[in-house]
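Following: one structure in structure tokens, then a few remarks.
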């Protein structure tokens, strides 16, 4: 016991330790609704994980540029916070864990950037050349409504959990929509025409980058090609097996 005490006394007591508040979310004890909102407030981190997974495994230029827009949106949020310098609400002592400013809400800005971009992408970029127009339109609307609904829930969670005021959340949403609109326009009008040139570079071949812009339904394209390739390989195996017998 004496050795444990002596060892602990060797630590520098003058160091101030602060928690990493990146994913730290508090909610009222015993409040199921508050706990659910706290879980929804982690949605931006889920989306970021999805981006990283897609970039590593798909290596599509549009996904990469979309991700750059997410990073740009976060940089703009940080700059705006240090320009506006509006503190977080004082409903409870959140400043012990959150030293940054509260205007605009980063969660709200992130989610509305993502939702607005996905809305434009769904109804402008996704064009299907088939006879299932109603079915495709239904899934487009369902996807757009889901993105907007989740953005609303995450935004409200920041108010309910007392991390932001209504004004901070609303301004975060407005900035997110504006930046999302500008970034989609830049990608769709300025950057996309250069994608075929970019993928022809040696460094793009080295990192297996690809451009799926002209493919209307990437999931269906990959499904049919993988199914065709798997069927061809199965037929070749059967042919080799038959010849060996």
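If you go along the chain as it appears here, the first residue is 1 and each next one adds 1.
Glycine residues also receive a Cβ, built from the backbone N, Cα and C atoms like all the rest.
Per TrEMBL, the features are:
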DOMAIN    63-184  domain 'Phosphatidic acid phosphatase type 2/haloperoxidase'
TRANSMEM  36-57  transmembrane segment
TRANSMEM  110-128  transmembrane segment
TRANSMEM  137-157  transmembrane segment
TRANSMEM  169-191  transmembrane segment
Close approaches to the transmembrane segment (169-191) from elsewhere in its chain (Cβ under 8 angstroms; 6 or more beyond its ends): 62, 65-66, 69, 72-73, 76-77, 80, 103-117, 120-121, 124-125, 151, 155-156, 158-159
Tell me the residue counts in helix, strand and coil for the domain 'Phosphatidic acid phosphatase type 2/haloperoxidase' (63-184), as DSSP assigns them. 92 helix, 0 strand, 30 coil
Looking at the domain 'Phosphatidic acid phosphatase type 2/haloperoxidase' (63-184) alone, can you tell me the average pLDDT? 85
